[in-house]
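What follows is one structure encoded as structure tokens, with my remarks underneath.
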Amino acid sequence: MTAPMQDRYGRPLRDLRLSVIEACNFRCGYCMPADRVPDDYGFDSQQRLSFDQLETLVRAFVSVGVTKVRLTGGEPLLRRDLPSLIARLTAIEGIEDLALTTNGTLLARQAVALRQAGLRRITVSMDALEPALFRRMSGDRGEIAQVLTGIAAAEQAGFQRLKINCVVQRGVNEDQVLPLVEHFRGTGHVLRFIEFMDVGSCNGWTPDAVVTSAQLHERIHARWPLVALDANYTGEVAQRHAFADGAGEVGFVSSVSVPFCGDCQRARVSADGHLYTCLFASQGHDLKPALANGEPALATHLRQRWSVRGDRYSEVRASVPRRGKPVEMFLIGG
């Protein structure tokens, strides 16, 4: 592997978020609201990168410094025969961590196959425990029982330390914070609370809808005292805190209130092969022409694109007007 490339601010590229499908079986309001995204939304399957293309793309990213790959969507478990892609990616030398983010509804039937294929970690999105609220937040498409069954199946398949992500919106699900903590304390899984972010243009974001990590920390700490932990690695987005009684840990992702642009080492690629160097980007770069020329040519192209990267949207959110229409979260996996 050659030396890792760096962008204009000296940030290397270590982490690839790879969307394998743009479709989703949920219609969550903060990502893919039902009143803005039709039920039949999705690319023609011919527009999606094939497994051969995805493997070549990942090999090129690894050759320029990527060590962590996370498969996203949409809902990645909707992609047919996903375990076979995972098996191919697992065989790539240099990948230290291969993970997947899912809403969990299809996990029960696929957990064993995912584990056998070589997937190392799973993150499950779960914004409420209360069944009626969960159903409503999913656009009347999901049941919390399905997700909990999926988590149990993942445990049985050998995934012992899942991450559970909850996006907290004021007036929507902030009353679910303590019940979620109580449910996952002591299970070995890591619950992470994510500030509601202005990703895309269809989620109706306003600053008033944000419950900050500091506010969430105060609420949880009053019930279960917390102790701050060091980050596991440079660029880790979640601020880690352990329960003082030893019942595990909880994390806070504070992109709005405490931006972490300075340590961002991530690139995102959509299912149709467009590179986004920031979650809040308004323009992607089509990688398919370079991809068609093979892995070495794509690697050279990636170095060129990353070297001019200057994204730091969250740090300048309040002072610099946004230009262009931002990419939707469901295209690049959050």
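Yeah, the Cβs are placed from backbone N, Cα and C, and that goes for glycine too.
Copied from Swiss-Prot, the annotated features are:
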{"type": "DOMAIN", "residues": "8-244", "note": "domain 'Radical SAM core'"}
{"type": "BINDING", "residues": "R17, R70, T101, K163, R266, A267, R268", "note": "GTP binding site"}
{"type": "BINDING", "residues": "C24, C28, C31", "note": "[4Fe-4S] cluster 1 binding site"}
{"type": "BINDING", "residues": "Y30, G74, S125, M197", "note": "S-adenosyl-L-methionine binding site"}
{"type": "BINDING", "residues": "C261, C264, C278", "note": "[4Fe-4S] cluster 2 binding site"}
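Between the CA atoms of A267 (GTP binding site) and C278 ([4Fe-4S] cluster 2 binding site) there is a gap of 7 Å, rounded to the nearest whole number.
The binding-site residues shown are R70, K163, R268; of these, the one with its CA atom nearest the CA of S125 (S-adenosyl-L-methionine binding site) is K163. Each of the binding-site residues C24, M197, C264 was scored by the number of other CB atoms within 10 Å of its CB, and the largest score is that of C264. With respect to C31 ([4Fe-4S] cluster 1 binding site), the closest of these binding-site residues in Cα terms is G74, chosen from G74, T101, C261. Among the binding-site residues Y30, G74, M197, C261, C278, the ones whose Cα sits within 10 Å of the Cα of R268 (GTP binding site) are C278.
Sequence-distant contacts of K163 (GTP binding site), defined by Cβ-Cβ distance under 8 angstroms and a gap of at least six in the same chain, are R121, I122, T123, V124, H189, V190, L191, R192, G251. Inclusion criterion for the binding-site residues C24, C28, Y30, G74, C278: a C-alpha placed within 10 angstroms of the C-alpha of R266 (GTP binding site); this criterion is met by C278. Counted over every protein chain shown, other Cβ atoms within 10 Å are most numerous around R268 among the binding-site residues R70, R266, R268. Once Cβ contacts within 10 Å are tallied over all protein chains shown, the binding-site residues C31, G74 are led by G74. Cα of C264 ([4Fe-4S] cluster 2 binding site) to Cα of R17 (GTP binding site): a distance of 12 Å.
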